[in-house]
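Quick look at what TrEMBL annotates:
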type	residues	note
BINDING	Cys74, Cys77, Cys80, Cys130	[4Fe-4S] cluster 1 binding site
BINDING	Cys84, Cys120, Cys123, Cys126	[4Fe-4S] cluster 2 binding site
COMPBIAS	176-190	compositional bias 'Polar residues'
DOMAIN	65-94	domain '4Fe-4S ferredoxin-type'
DOMAIN	111-140	domain '4Fe-4S ferredoxin-type'
REGION	161-190	region 'Disordered'
Amino acid sequence: MQSLSKRAKVLEKKPMTLAERAYLPAIFQGLSITMRHFFMKKATIRYPEETRPFSPVFRGLHVLKRDEQGRERCTACGLCAVACPAEAITMVAGERKKGEQNLYREEKYAVSYEINMLRCIFCGLCEEACPKAAIYLQADKMAPPRYERDEFIYGKDRLVEPADPDKRSKRGIQLTPEQASSLKVQLQTA
Ligand code: SF4
Ligand code: SF4
């Protein structure tokens with residue numbers, strides 16, 4: 001059948017030489033490539049035991065922040081879920097009860113809050129949309145590898161930062177003025 005583009009090329013089937021039939025050149029070529037790569041610097045690392053250095057603009061695992069009194073900041077307004085292009089965030093809102101003022105900062109709070117890390121593209125739009133400075137993407141942590149899909153659904157148990165301030169790591173993208181200016185230079189010269 002003639003091709004519509006008329007760009008078809010008829011190939012001639014040449015008979016193989018004796019060496020080609022013995023596969024020797026191909027075997028030696030393959031071995032030389034293997035040996036060359038054997039002595040080259042490895043391009044891979046032993047993740048997750050080893051990790052590469054993070055970029056100053058890296059956005060990793062989310063954290064739901066507490067305020068200076070240890071109360072959850074999130075008010076379950078849903079703006080992060082609306083802003084999320086991957087539809088990775090779901091939540092159930094609840095009313096704060098009497099006596100829970102020390103737990104939740106606002107009258108409404110997230111009874112459940114889940115992020116599907118398999119859907120998330122770590123764009124940071126949830127962080128930008130949040131009016132309560134409640135959600136941040138950590139600059140120094142990524143979602144660790146897991147075997148089960150269910151384990152990538154992060155609930156409040158894994159997202160809310162510890163109540164004990166000493167157990168909190170420096171989370172959120174908070175660049176020092178020096179880091180910010182060096183980043184600006186990097187971006188300008190890129
Ligand atoms: S980082 Fe982006 S994709 Fe991930 S949950 Fe936030 S808005 Fe959605
Ligand atoms: S994290 Fe922020 S934007 Fe999302 S529901 Fe809580 S308060 Fe609203």
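Any Cβ shown, glycine's included, is placed from N, Cα and C.
TrEMBL labels come from automatic prediction, so no person has curated them.
Everything TrEMBL records as a feature, shown here on the structure.
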residue	record	Cβ contacts under 8 Å, 6 or more apart
Cys74	[4Fe-4S] cluster 1 binding site	Leu64, Tyr109, Ala110, Tyr113, Cys130, Lys132, Ala134, Ile135
Cys77	[4Fe-4S] cluster 1 binding site	Lys108, Pro131, Lys132
Cys80	[4Fe-4S] cluster 1 binding site	Ile89, Leu125, Cys126, Glu127, Ala129, Cys130, Ile135
Cys84	[4Fe-4S] cluster 2 binding site	Cys120, Leu125, Cys126
Cys123	[4Fe-4S] cluster 2 binding site	Arg59, Pro85, Ala86
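Residues from the binding-site residues list (Cys84, Cys123, Cys130) with a C-beta closer than 6 Å to any atom of ligand 1: Cys84, Cys123.
For Cys126 ([4Fe-4S] cluster 2 binding site), the Cβ neighbour count at a 10 Å cut-off comes to 25, with all displayed protein chains included. Highlighted here are the binding-site residues (Cys77, Cys80, Cys84, Cys120, Cys123) whose C-beta falls below 6 Å from ligand 2: Cys77, Cys80, in sequence order.
Apart from Cys74, Cys77, Cys80, Cys130, the residues listed for [4Fe-4S] cluster 1, the same chain places the Cβ atoms of Thr75, Ala76, Gly78, Leu79, Cys126, Ala129, Pro131, Lys132, Ala134, Ile135 within 8 Å of the centroid of those Cβ atoms. Around the Cβ of Cys130 ([4Fe-4S] cluster 1 binding site), the number of neighbouring Cβ atoms within 10 Å comes to 20. A Cβ distance under 8 Å defines the sequence-distant neighbours of the domain '4Fe-4S ferredoxin-type' (111-140), meaning residues of its chain 6+ beyond its ends; these are 54, 56, 58-65, 72-77, 79-94, 105, 149, 152-156, 159, 169-174. Within 8 Å of the centroid defined by the CB atoms of Cys84, Cys120, Cys123, Cys126, the record's [4Fe-4S] cluster 2 site, lie the Cβ atoms of Cys80, Ala83, Pro85, Ala86, Ala88, Ile89, Ile115, Ile121, Phe122, Gly124, Leu125, excluding the listed residues themselves. For the domain '4Fe-4S ferredoxin-type' (111-140), DSSP puts the residue distribution at 5 helix, 9 strand, 16 coil. Secondary structure at Cys77 ([4Fe-4S] cluster 1 binding site), as computed by DSSP, is coil.
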